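> Take this structure, written in structure tokens, and hold onto it; I'll ask about it next.
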Amino acid sequence: MFEEPEWVEAAPAIVGLGAATAQVRPATAPPVKGRKRRHLLATLRALEAASLSQQTPSLPGSDSEEEEEVGRKKRHLQRPSLASVSKEVGKKRKGKCQKQAPSISDSEGKEIRRKCHRQAPPLGGVSAGEEKGKRKCQEYSSLHLTQPLDSVDQTVHNSRTSTATIDPSKPSPESMSPNSSHTLSRKQWRNRQKNKRRHKNKFRPLQTPEQAPPKASIEETEVPPVPKSDSQESRAGALRARMTQRLDGARFRYLNEQLYSGPSSAARRLFQEDPEAFLLYHRGFQRQVKKWPLHPVDRIAKDLRQKPASLVVADFGCGDCRLASSVRNPVHCFDLASLDPRVTVCDMAQVPLEDESVDVAVFCLSLMGTNIRDFLEEANRVLKTGGLLKVAEVSSRFEDIRTFLGAVTKLGFKIIYKDLTNSHFFLFDFEKTGPPRVGPKAQLSGLKLQPCLYKRR
């Protein structure tokens, strides 16, 4: 006679839907976001609370009376949890949310309730067909409702877990573990296993130093590291070597300046007072010449090897007797200090040789000092007429090569060969024509060469 209100039939359907979906979905659902979703949630909870207070009639689409009785028992068990949830959430927003409840047509609502009640699970478990029906029901309801019922499922599940601690007669989710494994899809199960492997060691307790595996035995077998003292000593040794090299370089530059800025007699006295100074100077000199593309002594030795081995050679400023070791000729070696037993220590302006006793006189990078004229006159004295004078000198020392050659010819020589192609030194060959043509008081400005000074690097 009187039509029952719409919410009487809609409430049990929604309750059944919540019960069905609560067992399918996992326990952890994403939180409800948005104002409209919160309004819909509050409306649904209010409808559930109102429906539980009345006697729900049996639907005409049920299979048997036993299923109706099982549904009543299940709703009776869920009554305190749903009531508590509705009291907590629905009191503040009940009136406001009822105004914004979504409208569903009568035909759509009846069809949803019919499908959900037909697929209500028994208490014993959930079969595969019933599970399939639940999924269809969820998909159909999600198409017509603006808000999915994830939040409802989460609240129902939380209320069940809270009542499960109070009511021991209700089976816990852990006791339904055999059936819960079937509710996961293959992709969900795979993701769960992956997360387990990923977080395997995340919550493992930290090991105390006593529980840590012993490493002392491994370290004892290894080679002990180099002590700090040795490394410090090696650094100190390297520093000392660097400082010694710098000091040697500074002293070499000082000695080189003294040799070029004074007469040969002063240089001889210097090396007589400090014999180690000549060794230091010679090491520095060899270090500088080693960087040259060609050593001038090697070039002179190559020229002498093409001449007869019977020619007597006088090497003025021989150093370490490199020329005497490179040729077969008899060589008289003269220098300010001795680095070899074959060296005769003397002033190159006064060598202990007879007049016209040698065939070749060599000045290889040895025209040092301010008395170069004395060296060349001494070479003219000991050379035979027609003898060969070979001069090799640093190219940067010559300001005007023509004036230098003119001054040498006035001392009784004539130029027969010159090589200006080398970037580091010039090579000249002179032949003795006779005694000097100028007196000892004559000025020969062309014989003045620039001092070869080394810059600090």
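Just so you know, glycine gets a Cβ as well, placed from its N, Cα and C.
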> Name the residue among Ser62, Ser181, Ser185, Ser231 that Swiss-Prot annotates as phosphoserine.
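The candidate carrying the phosphoserine note in Swiss-Prot is Ser62.
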> Out of Ser58, Ser64, which one does Swiss-Prot list as phosphoserine?
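Matching Ser58, Ser64 against Swiss-Prot annotations yields Ser64.
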> Do you know the DSSP helix, strand and coil residue counts for the compositional bias 'Basic residues' (184-203)?
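The composition, in the requested order, is 13 helix, 0 strand, 7 coil.
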> Rounded to a whole angstrom, what is the largest C-alpha distance between any two of the residues His282, Gly317, Asp335, Asp347, Met348, Cys364 that the record assigns to S-adenosyl-L-methionine?
17
> If you run the three-state DSSP split on Cys364 (S-adenosyl-L-methionine binding site), which class comes out?
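DSSP call for Cys364 (S-adenosyl-L-methionine binding site): strand.
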> Among Asp335, Asp347, all listed as binding-site residues, which has the most CB atoms within 10 Å of its CB?
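Buried the deepest by this measure is Asp335.
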